[in-house]
């Protein structure tokens, strides 16, 4: 009986997790985020500063760039611009959006 209960609980968690992942993909949110919160850019802000210092590395630079459809210069943001910050990230992406320099 206990094994059946444990298996049922694990299956429920797996189904809910799959539904959440599908919903986030539908919303286009990176890092398996479940929602976003707004952030108004202040003078001198960069995505690096926002991700690392303000949000204490709970979101990645590239997660911010992808969520806000920022192109190949992830630090090209403007004062008073409202960014969406993905929350509850399961993975953090600090590199996939950055240009790779070949020597």
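Keep in mind that glycine also has a Cβ here, set from the backbone N, Cα and C atoms.
Look at Swiss-Prot and you will find 44, 48, 75, 77 tagged as chitin binding site, backed by similarity to another entry. In the three-state DSSP scheme, residue 75 (chitin binding site) falls into the coil class.
Long-range neighbours of residue 31 (disulfide bond) (same chain, six or more residues apart, CB within less than 8 Å of its CB): 59, 60, 63, 86, 89, 90, 91, 92, 93. Residues or ranges marked as disulfide bond in Swiss-Prot (evidence: similarity to another entry): 31-89 (among others).
Residues or ranges marked as disulfide bond by Swiss-Prot on the basis of similarity to another entry: 62-97 (among others). Under DSSP, residue 97 (disulfide bond) is assigned to coil, being neither helix nor strand in the three-state scheme.
Swiss-Prot lists 37-85 with the feature domain 'LysM', giving sequence analysis as the kind of evidence. Across the domain 'LysM' (37-85), the model assigns an average pLDDT of 94.
The signal peptide annotation in Swiss-Prot covers 1-18, and the record cites sequence analysis as its basis.
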Residue, out of the recorded positions 77, 97, whose Cβ gathers the largest set of other Cβ atoms within 10 Å: 97
8 Å Cβ shell about 44, 48, 75, 77 centroid, chitin site members excluded: 41, 45, 46, 47, 49, 50
Residue 75 (chitin binding site) to residue 62 (disulfide bond) - Cα separation in whole Å: 10
